[in-house]
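The transmembrane segment annotation in TrEMBL covers 31-54, 157-180, 186-206, 643-660, 718-737, 749-769, 789-808. Under the heading domain 'Calx-beta', TrEMBL lists 331-428, 447-546.
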Amino acid sequence: MNNTCNYSTCYNVGLLLPILNESTWSVGARIFFYVIGMLWCFLGLTIVSDSFMCGIECITSKTKTVTVAKSGGEGFQQIEVKVWNDTVANLTLLAFGTSAPEILLNVIEICGQNFVAGDLGPGTIVGSAAFNLFIITSLSITCIPDGETRKIKDMHVFALTSISGILAYVWLILVLLVISPNVVDLWEAILTFMMFPVLIVSAYAADRGLWCRPRNKTSAQIEIALEASKRKSYSSDTDIIDVARKLARDKSINEDDVAQAMAAQIDSTRPKTSSWYRVNASRMMSGGQKLVVKPKKSATELLEKVHAGSSDLSRLNDHLANGVNGAVSSRDVNLQPKKSVIEFTSASCSVLENEGMVRIGVRRTGDLSRQVTIGVETLDGTALAGQDYKPTKQLMIFAAGESKKELYVDIVDDNVWEPDEFFYVKLFHPTPGSTVEDVEIGKVATNKVTIINDDEPGKLEFSKPIYIVKESALNASLMINRVNGADGEVQVTWTTTDITARSEMDYAGGEGKVLFTHGETSSTISIDIYSNKTKQDELSFQVELSNPTGGADLGKITKAVVTLINDEEFDRMVARIASKTQKNLDSLKLDTSTWGEQFQSAMNVNGGNLEAANYVDYILHFVTFFWKVLFACLPPPSVGGGWPTFLSSLAVIALLTAIVSDMAKIFGCLVGLSDYITAITFVALGTSMPDAFASRCAAINEKWADSSIGNINGSNSVNVFLGLGLPWLLASVYWNLQGKDFYHPSGTVGLSVTLFTICATLVLLVLVVRRRMARFHFAELGGPKLEKYLTGVVPLGIWVIYVLLSSLQAQGVYTAF
């Protein structure tokens, strides 16, 4: 009905409000007060809906143990399956949870007006349905990243709920405009209400494939539970161990950051329900504890490297490279001595006999501001001066600012085979020139030069017979040397043999081949190490060389034993990361265990996680602080299986809905809008906004579109069957007992419902077209950028047209389409 009251009587139109006599207030002040009040109460509804949905999640997540045959038919296993079917849960408790304010608003309005039909309740039902179907569909289509798509997975249930959603409003048209215009008969009210259980049974049948395909012997719930059990059997310990190995090598990344990234990674693989997204959206709108973790980029990159099997830690490698080249940071420069420190760049090097010379690097660190001189000389080893190399003794002058020089020593090449030989190059303080006070010789004062004879193919052998490897290592690296010759291309085979370690359990066993090109004198084989946390003793395996080719022979060390030893510090690191990861996962739970946890979460921004909070979270927390603390008094979901939370939250939602109803009516009266316009705009947007945020998040993060748009039509059907069916039933019974009919004006509601039905059909056709056309990648959501936005703007435009035409009709501008 249209508000025809004047401003002086607007304070008298509510059921509970106003508490004070506001007739003396200015109209502008009252309008401002009620706008702010509605917004604040909408936030209150959002927050109490958080508790309501957590209670529902706790109820519907109950499981039972069933016994099923193992794959292959070998024995049986016990698994946990949900007591509630997901489809039934979505259409009962979940749909009621998301639609509770709209349903209760209609019930409260009709009961509060002595069972006389009003416009606010029905308008909110239809307006909310329009917002859900048009705006949320538009948002879900366009929010998908460019090029990506999302499809409806369970098409049978979606088709059923879509048809049900259309038929529900067709039924309203028949009731209000055709069968008995302006009157709702008792049988019509009963039939409307009974359509709700019929929808549930039909959706359950469609979900189980009773209509569209033969029913499988194993239910979908058991299949899902088996898959979850299989995933669970692969413990996350392996990932944590691999991450700990990387972390042990890269100290620049914090354990806390890695644990947070691990929790985010594990949580991203968990299936999420529509209620999860609804709760997360509610908390985002109130500055509450978010259900998502945003790890630091460095920790995320480390996890990606673990899963990619990459051992390239660029930050560590760069650091090591800088150290070899003598680069120092500005902080290190300040710590350097005032003297010039001169040393070789490496302690040893090798050269093929036919190369003619060897190049040896010498570097200077410390004070580079002056010219200094250092002496270098060669000393015999097994190689003799004059026969195998040309001796030298000279001074090297480093100019001011010069940090690196190179020394060349000539090698004598002959055609006589002889074993590999070596000589030394040594730094010394020269007698003339620089003094000891000016120049200091560094730690690498001697370089061992090995002359490799290249006249024979050589012998292949391990560099040592025993390798000790900690379990924290990613792999065991074994060096194979080519000695006494490097002529031509040769190859050798390596094979692993178990001792106490087991191949493919403790290490990556097997065999492989190593190729040496002409002149190549060393190569490394890498064997992956698997950490087995059940082992207590040291494990070992053997690697043996065989079958050399190209004329090469095997050397003295043809077998090497690799021993895997326990690493206590590594074990402690793994335990710490696992504990911190679990703590982060626990913080992402929907429900809380105690009242104390509820109050702690309610009284802190972002539930106490201040690092992840931004200034918007602080503002929203300040605005909603009263509601958070108040609703923290409700029983936590862990009490009584979630039912006390469900019932107490429902009672609070009913009270808040009554207040919102009064505010909306008074506001509409003050600004001169009918209750119906207020309902389809302000009230519908306020009650449906959390659903829009939840659907957007689900569309982006889920693999399928079911969680974003799959429940819209089911929720809209429940809105009609419960939101209108229940109050109609109560009113019809009341008036029938008095021998009268339940009068329900059909003008505004009837025409608006007709318009919505036409528009809803068009939007569903858009989704059908998208699913059947390759241009949209055969998907309801996303796709190429241009096509995505062109189809996404259609539902938005339809919503604008619907609101505009419904508002004009409600204001009496016209009485027919």
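We count from 1, first residue shown onward.
Cβ coordinates come from backbone N, Cα and C, glycine included.
DSSP labels the residues of the domain 'Calx-beta' (331-428) in these numbers: 8 helix, 53 strand, 37 coil. Using the rule of three or more Cβ pairs under 8 Å, pairs at least 6 apart in sequence, the transmembrane segment (186-206) is not in contact with the transmembrane segment (643-660). If one looks beyond the transmembrane segment (31-54) by at least 6 residues along the same chain, the residues whose Cβ comes under 8 Å of a Cβ in the stretch are 25, 94, 97-98, 100-101, 275, 278-279, 282-283, 285-286, 288, 590-591, 623-624, 627-628, 631, 634, 637, 642, 645-646, 649-650, 652-653, 656-657, 659-660, 663-664, 666-667, 670-671, 682, 686-687, 689-690. Contact between the transmembrane segment (749-769) and the transmembrane segment (157-180) is supported: at least 3 Cβ pairs lie under 8 Å, counting only residues 6 or more apart in sequence. Tertiary neighbourhood of the transmembrane segment (718-737): same-chain residues 91, 95-96, 99, 102-103, 106-107, 109-111, 115-117, 121-122, 125, 128-129, 168-169, 171-172, 184-186, 188-190, 192-196, 199, 743-744, selected by CB-CB distance under 8 Å and a gap of 6+ residues from either end.
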